[in-house]
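Below is one structure, written out as structure tokens; comments come after it.
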Amino acid sequence: MNRIYSLRYSAVARGFIAVSEFARKCVHKSVRRLCFPVLLLIPVLFSAGSLAGTVNNELGYQLFRDFAENKGMFRPGATNIAIYNKQGEFVGTLDKAAMPDFSAVDSEIGVATLINPQYIASVKHNGGYTNVSFGDGENRYNIVDRNNAPSLDFHAPRLDKLVTEVAPTAVTAQGAVAGAYLDKERYPVFYRLGSGTQYIKDSNGQLTQMGGAYSWLTGGTVGSLSSYQNGEMISTSSGLVFDYKLNGAMPIYGEAGDSGSPLFAFDTVQNKWVLVGVLTAGNGAGGRGNNWAVIPLDFIGQKFNEDNDAPVTFRTSEGGALEWSFNSSTGAGALTQGTTTYAMHGQQGNDLNAGKNLIFQGQNGQINLKDSVSQGAGSLTFRDNYTVTTSNGSTWTGAGIVVDNGVSVNWQVNGVKGDNLHKIGEGTLTVQGTGINEGGLKVGDGKVVLNQQADNKGQVQAFSSVNIASGRPTVVLTDERQVNPDTVSWGYRGGTLDVNGNSLTFHQLKAADYGAVLANNVDKRATITLDYALRADKVALNGWSESGKGTAGNLYKYNNPYTNTTDYFILKQSTYGYFPTDQSSNATWEFVGHSQGDAQKLVADRFNTAGYLFHGQLKGNLNVDNRLPEGVTGALVMDGAADISGTFTQENGRLTLQGHPVIHAYNTQSVADKLAASGDHSVLTQPTSFSQEDWENRSFTFDRLSLKNTDFGLGRNATLNTTIQADNSSVTLGDSRVFIDKNDGQGTAFTLEEGTSVATKDADKSVFNGTVNLDNQSVLNINDIFNGGIQANNSTVNISSDSAVLGNSTLTSTALNLNKGANALASQSFVSDGPVNISDAALSLNSRPDEVSHTLLPVYDYAGSWNLKGDDARLNVGPYSMLSGNINVQDKGTVTLGGEGELSPDLTLQNQMLYSLFNGYRNIWSGSLNAPDATVSMTDTQWSMNGNSTAGNMKLNRTIVGFNGGTSPFTTLTTDNLDAVQSAFVMRTDLNKADKLVINKSATGHDNSIWVNFLKKPSNKDTLDIPLVSAPEATADNLFRASTRVVGFSDVTPILSVRKEDGKKEWVLDGYQVARNDGQGKAAATFMHISYNNFITEVNNLNKRMGDLRDINGEAGTWVRLLNGSGSADGGFTDHYTLLQMGADRKHELGSMDLFTGVMATYTDTDASADLYSGKTKSWGGGFYASGLFRSGAYFDVIAKYIHNENKYDLNFAGAGKQNFRSHSLYAGAEVGYRYHLTDTTFVEPQAELVWGRLQGQTFNWNDSGMDVSMRRNSVNPLVGRTGVVSGKTFSGKDWSLTARAGLHYEFDLTDSADVHLKDAAGEHQINGRKDSRMLYGVGLNARFGDNTRLGLEVERSAFGKYNTDDAINANIRYSF
């Protein structure tokens, strides 16, 4: 089929020319003598890739294999590919252009290249090949016309169908121009590939044959090419395979069998790769150079045009459709519209090439098939919108349909069984035939909408099968009946199946590669149900066939005449002979007994155990359900991708999401062994393997991943973004168990194999982002990168990852185990009622120990216990953490609390409140410590030690240790070595015993304090002798000193002495000094007066209705009043309040007086704070009032109301903490006044008011560091008076009036406020109540609009009081009717 020519150097051509090997004197000796290296004068500096033929033995052979097949690192678009030899030495970089896409080259033997959707380019002396395949080889296109060039070794065969799997390559724009391909500015690099006889050449020129022609593809780089024969031919010294400067980083020489293989060049003018020529000749095995025939542009254009009939134009003016008639006997047909007829040519007998291409133009065209048309290799191209229909059930077959970009074609014609409709072009084809279409569809570009209509029997089938390939097309389903989902396949590079809101069930997903996309791109949620599990009763029974061919794994039934039994066999390979007659197994057959049911179950179990694989992608608005029968253990493996807004549900079995191993070209084991014997171990024997390091990353995003009774694994190179809901399931994030497809890259069939592969680089590790919810004895294993929260109940969490970051997490009846080498950070709150076990691992809470952050937030962490095991165990508690739980360290582990960092400047209100609990420290820990051999460090920490504690080495820096009782009255802290700086130890005593600090070996540091809390009040006569601290005798006396501490409302200072005894030094409590702390008392008194301040706020808004009520004509009215204000008092007290009042009243005319009676409701929201407390009061209330206005100008106003208060305050004095309480109050007030009119528009109004109230008493009890503390305020009945004068002026219009006024009042208490009683272990003292008074002044406006609407606005302040209103704005509206 393919013969090689020898090359001879031609001075005229300035290069090599082809001479038949049968020509005279063309022998290897003469060729070698004549082939002077003229082309070596051409400097070649470029980077390229390799292909078939002869290559040198310095480079790994796998490079040339991967290059030819666009695999490994030579995937299309790859840039800056570095090439190294077998010794690891740098050879060069392919950096002049991105790696080209070789998919247009015949994928089996590489002797032809697609240059048009229906035409290939090769050499005419290749007369034996009759078909080609593209991509993964799951397709075959037959040659119908060879189109041989008359005077050039070139042909452009026509194919029987439009190719859908790949796009044609671009061809050179210059064509046969002498010297064109020496222009290294325009053509800096040349690549080739082919399947010629495979040789390896050593530096001595010795050839080793690795394989015969057409066995496999190899490829690489060649140098710039000189021209001869008027530019029709080009040549170069490609045989100089060790000359990297001349021939690039991967030199390759074409051998016998490479004829017709392509030569590509990167054209910098067009900025793309182009096909320059096809290889025609070389000068023998391991020769010096090759020749190529340049693509003859005029010739191929002529051949393309010869296969076209005249364009068909639809004209609306002609009226009616284009009527298409066809005579299948003659292969002639016509399209007629009115008086215009267009001839067409279709298939003649078996001659497909007789069919010509038709091009349709004219807007909104219509075609009516009157006869079934067999167009052979002819295609239809639509330049404008068309509708193609038939009224008699006619069909159409041909090469396929091309729909141009922006064009829509409505196709209402069915196909023929056994034939596929090929569709390409960027436009849209809508298939809208009727009934059952027995033909298939292969789509390679644009959009196809399946909208087949039901026939009179209700039957619908748009196509018998659908194949989506090339990565360019989209197929859209209008409903779920259009196609059987199991007949959909995604071929080479795939495309999109848009289910368009329709739910489908797939029993098989046939996806060749990552390009396969199953999507739903509409708002209506669709559910994809997977039902691929094989049931025993569905296992097919096969019988023996004379073809001797079958599928390995299939079940066969044999009625054995020799034993009179029915025997069942499983086929082991693809070919077979006779069944064994003695119920035995052999190399071909596996005997599986006499029971059909058992045999079918065995086959089904094996199939289900083997698992299922989907290489493709899930996208859009989808739910995916995969519910397997109980007992199925096989895995559903996804190494493609997912980005769906719905839920992926897996029930039973296994689910594995993983990255994808990079596919490589491969050879047989014998070839690999032969190369290995020569020192080249690069060659692979399968497309993927578990040992390879190069994997492709994959991403999976679900709204939710629901797992029940499932073994789920997230493998290497995979990222998962979701919320996992696991029920009785195992979840492994960072699963070393992965799968490979031993058929990867070779079509839709797959062969799964399970193994292990552990990512060593961070970039290859799995990543999880989201939340994991565990329930019902689920297990979570975190082995790789983890970012998310955990909510677990009755489950187990294991962490082995060194890159785990936990968000908000709550574990109930769930243990957390950190295994050896793990390093986890709980960056947000962590709460667990179970143990946290840290075994030679590190757990950091809030922040890592080496992290200096300026955006730290308060974090709460609680566990039943924190257990460290192993010398390398670490517990690091970052700054601004609240830790709770006992810490137990078995070995020489390390516990660190506190570190660097600053609070975020923009804390949320919640975090501000949380931070207030720190009491000025960075960290808070409540728990006991059991770490006799460990090292414990604390910085800026408040430790509430609630049980006896031990530490091997303890370092304290600005830390306070509070001894709390726990289960025993007093506790002891024991450490071998203590280094304490600026720290304090708060101990308790009952005047008999006390808490104690014991230091066994050494004690160092400075500026440390001892504080003592008294659990009962000692008398001044008590003489104490209680040891508090025991340390080695060499310890400095001033290591500890007595310090005054505020406890309750008192300053308590212990009296200490230092004594030596039995080789130890002790700090002994001899007595105490107690004094009242005025600051704490004042803070308490200020807080207890909040109710009075709230009372004054309400008083100032009791009687403000007079301006609303005067001169009202209506009989009733409703009103709303809004007050916003703030006040202040001693002790840094401020409050901000908003008061809302609503009411309704009725007017009664009583002689000379108008009486208004009404009811009201009120709500007040108050925020109050002082130096040592802050909080909020919310008040609700209601009441009634009566207002009387005399025509003389006199008035009165009386009111009574009830207020309920809800109070929530944080108190930072005397250890009071949070206090939530309720209170109640009553108000009764009366106001009188008289309005004197100075003129018709001005007035003065003296006023007097008296308000009585009832404020409920309040008592608070708590414990501060073991001391009982209380504060109490008695109930009180305040009586407040107010006198003052208001003056104003009224401005009037036709339907409006406006009154401006100003007022000055004096407000004063007639009774004292309530006394406050404070009590602690030092005793009880009373802060007496007091009177207060203030001046109030303000201005306001009252406006009337018509007879019904009144608006008011008033601004008011006060001065000279202990509590003052800083500002108050009062707005009201009234409507009368």
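Cβ coordinates come from backbone N, Cα and C, glycine included.
Listed in Swiss-Prot:
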- 1-52: signal peptide (SIGNAL)
- 53-302: domain 'Peptidase S6' (DOMAIN)
- HIS125: active site, charge relay system (ACT_SITE)
- ASP153: active site, charge relay system (ACT_SITE)
- SER259: active site, charge relay system (ACT_SITE)
- 1111-1377: domain 'Autotransporter' (DOMAIN)
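Location within the structure of each feature annotated in Swiss-Prot.
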{"residue": "HIS125", "record": "active site, charge relay system", "DSSP class": "coil"}
{"residue": "ASP153", "record": "active site, charge relay system", "DSSP class": "coil"}
{"residue": "SER259", "record": "active site, charge relay system", "DSSP class": "coil"}
Confidence summary (mean pLDDT) of the domain 'Peptidase S6' (53-302): 97
Rounded Cα-Cα span from HIS125 (active site, charge relay system) to SER259 (active site, charge relay system), Å: 8
Sorry to bug you, but what's the C-alpha spacing from ASP153 (active site, charge relay system) to HIS125 (active site, charge relay system), rounded to the closest Å? 7
Let me know the most crowded of the active-site residues, choosing from ASP153, SER259 and counting other Cβ atoms within 10 Å. SER259
Count of other CB atoms lying within 10 Å of the CB belonging to HIS125 (active site, charge relay system): 21
